[in-house]
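J.: Sharing the features that TrEMBL gives for it:
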- 3-152: domain 'Lactate/malate dehydrogenase N-terminal' (DOMAIN)
- GLY8, ALA9, ALA10, GLY11, GLY12, ILE13, GLY14, ASP34, ASN101, ILE124, SER125, ASN126, MET239: NAD(+) binding site (BINDING)
- ARG82, ARG88, ASN126, ARG160: substrate binding site (BINDING)
- 154-334: domain 'Lactate/malate dehydrogenase C-terminal' (DOMAIN)
- HIS186: active site, proton acceptor (ACT_SITE)
Amino acid sequence: MVKAVVLGAAGGIGQPLSLLLKTNPLISELALYDIVNTPGVAADLSHIATPAKVQGFLPPDDGLKKALTGADIVVIPAGVPRKPGMTRLGIAFRDDLFKINAGIVRDLATGIATTAPKAFVLVISNPVNSTVPIVAEVFKKNGVFDPKRIFGVTTLDVVRASTFVSEILGDFSLAPSIKIPVVGGHSGVTIIPLLSQSSHPLPSSLKQDALDALVYRIQFGGDEVVKAKDGAGSATLSMAYAGAEFAEKILRAVKGEKGIVAPTYVHLSADKAGGDAIKKEIGKDLDFFSAPVELGPDGVVKINSLGKVTEYEQKLIQAALPDLATNIEKGSSFIDAPKL
């Protein structure tokens, strides 16, 4: 029996994510929580002929606690979406929206820490580079911090890299089989695609300007969607897909499947030896970094090294570090900020 919880289940990411989780045969119970509309979303999903029982909860009557009781895995897409013209470069959100999302994540993390401290926590809420440190600090404050169980979902960057490379190769059917490690963080220049390690090499004829354009598109793919939606939203459907994909990897690992490796943004103490190796590779003592992580029944088994990177990719890494350090500090220090 596996209980999954979606916090922010009535939103643009939350609804399609909840739909995908409802269709996952590994999930037997699905609890949805949001400040509005979750009973309706739950009723709608409950008519789908899959095993998972669905319930929706609202804030009154300890709704958050009820949703989280007995949770095995908690996915957090809650928050305010980006708007046109709001760049993901650097901090990723204007300060006012950062504060709103950070406050939402802090309060939800407090609920998890006090009700379901052993659950796997998958953070989608942006800016991930900062919100994951917020969750970690809340868990530390409550004395239940386990770095092996807290993850920033960076899967969308991996999905985009695979899709865009298949486009360059002229064969979209290759997209599901293309594997490209994307490391660093989850906003703008902190997103570092290690294209030299692609399972399907790029054409040798690819020019430097085309490579630069590909890297930029992977880093700022969210802007492409925001612009195309023309004020009607951000990358919700693709993010829901990515969140469900990563959740499934966690669940498969929990069930005992071996050899599951996925890039994800984690606290580097989750595997001290692996984390120290990452710090040495990047030349900076960061607490968080997205790297290929081997998953197991207890979460993080091993943080794999970045492997052989090109001079070009090393430059991308160095360009990412200042923003990443700033993002982490902003999240870690937010825990002591006054509530809105």
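Backbone N, Cα and C define each Cβ position, glycine as well.
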J.: Have a look around ASN101 (NAD(+) binding site) and count the other CB atoms within 10 A of its CB, chains all included.
T.: 21
J.: Give the residue counts of the domain 'Lactate/malate dehydrogenase N-terminal' (3-152) per reduced DSSP state, in the order helix, strand, coil.
T.: 62 helix, 26 strand, 62 coil
J.: Looking only at Cβ atoms, how many others are within 10 Å of the one on the residue listed as 'active site, proton acceptor'?
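T.: The answer is 31 other Cβ atoms.
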J.: Using a 10 Å cut-off between Cα atoms, which of these binding-site residues sit near HIS186 (active site, proton acceptor): GLY8, ALA10, GLY12, GLY14, SER125, ARG160?
T.: none
J.: Say we define neighbours as other CB atoms within 10 Å of the CB. Which of the binding-site residues GLY8, GLY12, GLY14 has the fewest?
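T.: Sparsest of the binding-site residues GLY8, GLY12, GLY14 by Cβ contacts within 10 Å: GLY12.
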J.: To the nearest Å, how far is the Cα of GLY14 (NAD(+) binding site) from the Cα of ARG160 (substrate binding site)?
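T.: So the alpha carbons of GLY14 (NAD(+) binding site) and ARG160 (substrate binding site) sit roughly 20 Å from each other.
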J.: Between ASN101 (NAD(+) binding site) and ASN126 (substrate binding site), what C-alpha distance do you get in Å?
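T.: About 7 Å separate the Cα atoms of these two residues.
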J.: Please report the Cα separation of MET239 (NAD(+) binding site) and ARG160 (substrate binding site) in Å, rounded to an integer.
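T.: Taking the Cα atoms only, MET239 (NAD(+) binding site) lies 10 Å from ARG160 (substrate binding site).
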J.: Distance between ALA10 (NAD(+) binding site) and ASN126 (substrate binding site) at the Cα atoms, whole Å?
T.: 17
J.: Measuring Cα to Cα, how far is ASN126 (substrate binding site) from GLY8 (NAD(+) binding site) in Å?
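T.: Distance between the two Cα atoms comes out at 13 Å.
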J.: Between ARG160 (substrate binding site) and GLY12 (NAD(+) binding site), how many Å separate their Cα atoms?
T.: 19
